[in-house]
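Asks: Submitted below is the structure of interest, expressed as structure tokens.
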Amino acid sequence: MSSFRSHTSGELRKSHVGETVRLAGWVHRKRDHGGLLFIDLRDNYGLTQLVFDPDRAEAFALAEKLRAEYVVAIEGKVVARSAETINANLPTGDIEIAVSSMEVLSEAQDLPLPVFGEPDYPEDIRLTYRFLDLRRETLHRNILLRSKIIADIRRRMTEVGFNEFQTPILTASSPEGARDFLVPSRMHPGKFYALPQAPQQFKQLIMVAGFDRYFQIAPCFRDEDARADRSPGEFYQLDVEMSFVTQDDVFAAIEPVLHGLFEKFAEGKKVSSYPFTRIPYAEAIRKYGSDKPDLRNPIVMESVTDHFRGSGFKVFAGLIEKDSKVEVWAIPAPGGGNRAFCDRMNSWAQGEGQPGLGYIFFREEGGALEGAGPVAKNIGPERTEAIRTQLGLKAGDAVFFVAGVPAKTASFAGLARTRVGTELGLIEEDIFKFCWIVDFPMFEWNEDEKKIDFSHNPFSMPNYPLDKFLKLDKDNADEILGMTAFQYDIVCNGVELSSGAIRNHKPDVMYKAFEIAGYDKSVVETKFGGMLNAFKYGAPPHGGLAPGIDRMVMLLAGVENLREVTMFPMNQQAQDLLMQAPSEVEPKQLKELHIRVVPPLEKKKEG
């Protein structure tokens, strides 16, 4: 294998007994057992137990001086462990190495965090000493898993006819989305490049250039605040674009890739079969309170507005009477039919800034089924029974209610649905459930600016007859706000993996879409001139999507923070503690770039 080793620390088995081998790696753990020294040697591939006998005086003396994380190379004979010392939890647990010679390749200082074991350590220490953190078993395994997933994606995409192309890292600033990371130009004073938020325009230009099927494991850069599932700096996505396709064609191409990928790395979990479930956006909001529903949770919300209209529960009845847009949504809670659970959910809702969470729980009383709680008392037995019948509830079940204008209350209702499902143990644990969210609204009403605006992606093709679309004006507001687009998200277990769309490749339709949203033609030409100009020279119908690599790896690794699947992440303040970035630069460098740093103004103290 090399002059340092004949085998790795993860490959030796009983079949190697009697062989003389060379290994190299890190001292993982050291133990003294009555004269013999035992050392677990670790490398990228696993652990092997080394045995040092005092009869081998030179090697033994050297072993006595070893400390954790020293790097050593050894030579010795593979011997079988005795029956009582076999370690069934270790792939190499049937053997050990009787060391005859050893060389210390590198020493290690006292460790700021342990590599052995998985203790919780402060994030700042873990990121400052990331090279040590990466030696820890779980994180090391996650990073290797990421590599395998990316390699498998590349193989699958190539096998179904996609070509991998690289797009520029230095590009123009984008007027849409998050803040750009700007790069000053030395050759063009006062002008800036931007790191790409996504290769969106480039991948569409690749379609215009006639390459038909493109993919890339694309780095994307956005100057935005961190979240558990979002880096403050860069992230990677499986960027995909296809020519001469409909929405159905895109789904048919990507579903086998994602299904096969997840099935391969699911570690025994099931993966929902394809074609994946398709849920219109409006239905997702109504049933699940979210456009990224977790379908492992069986709870489906229903409207029970009519059961409260004119009822004795004045809080809801009053809201319904005042505003025709108000709805009351019911969140069934199978098995949650006791006052303690209902009160706990009510307290949770108050902690979320809500006045509370109305509920009814059902119980058998004297052989009869009855609803209990303040809501049931106020609306009476007839309405209570109608709600129970509609939702199919039985004794021992409960139902919670959220009332208001859906646009304002849907998000909280979705949180309550998730909370109920989690608290009652209703969520399936051993499955990856995919779905598509389709039929997103093309436009929405911007209440702050009192105007029609784009709802999501301004470059999507409207799901509307194009000849009629070109004739629309602001007098057709209801028609415009009811229009959907060929936009879609793919969701797995409540995690949005990707947005995508069939693109608007027709300049006249694009001009019209921006006009409806209040943008002048000149603005479109200034901001998107490169792509728009290309569309004037024969553009095929095209569409695509871009599932996030980080989020897919997080799901498959079973972790909730992307720092557990990213090799060198930034912290929450967008700092790289290991490399000490961002940092100040030399005045000479700023001068070459024609830049002067102006310190931020200090805020005036009040009073």
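Positions of Cβ are set from backbone N, Cα and C atoms, glycine also.
Sharing the features that Swiss-Prot gives for it:
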{"type": "SITE", "residues": "H33", "note": "site 'Important for tRNA non-discrimination'"}
{"type": "BINDING", "residues": "E176, R222, H456, R503", "note": "L-aspartate binding site"}
{"type": "REGION", "residues": "200-203", "note": "region 'Aspartate'"}
{"type": "BINDING", "residues": "R222, D223, E224, E496, G548, I549, D550, R551", "note": "ATP binding site"}
Asks: With DSSP helix as H/G/I and strand as E/B, how many residues of the region 'Aspartate' (200-203) fall in helix, strand and coil?
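Replies: In the region 'Aspartate' (200-203), the DSSP-based counts are 4 helix, 0 strand, 0 coil.
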Asks: Neighbour count first, Cβ atoms within 10 Å, every protein chain included; then name which of H33, R503, R551 tops the list of recorded positions.
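Replies: Of the recorded positions H33, R503, R551, the highest Cβ count within 10 Å belongs to R503.
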Asks: What number of additional C-beta atoms lies within 10 angstroms of the C-beta atom of G548 (ATP binding site)?
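Replies: Looking across every protein chain shown, the total is 21.
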Asks: Given the binding-site residues E224, D550, R551, find the one whose Cα is closest in space to the Cα of H456 (L-aspartate binding site).
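Replies: Checked the binding-site residues E224, D550, R551; minimum Cα distance to H456 (L-aspartate binding site) goes to E224.
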Asks: Could you check which of the recorded positions (H33, R222, R503) sits closest to E496 (ATP binding site), going Cα to Cα?
Replies: R222
Asks: Quick check on the binding-site residues R222, H456: which one has the highest count of other Cβ atoms within 10 Å of its Cβ?
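Replies: Output for this query is R222.
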Asks: Determine the mean pLDDT over the region 'Aspartate' (200-203), rounding to the nearest whole number.
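Replies: Computed over the region 'Aspartate' (200-203), the mean pLDDT is 93 on the 0 to 100 scale.
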Asks: When the Cα-Cα distance from R551 (ATP binding site) is computed for each of the recorded positions H33, R222, R503, which gives the smallest value?
Replies: R222
Asks: Going by C-alpha positions, which of the recorded positions (H33, R222, R503) is nearest G548 (ATP binding site)?
Replies: R222
Asks: Tell me the coarse DSSP state (helix, strand, coil) of H456 (L-aspartate binding site).
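Replies: The residue in question, H456 (L-aspartate binding site), is coil (DSSP, three-state).
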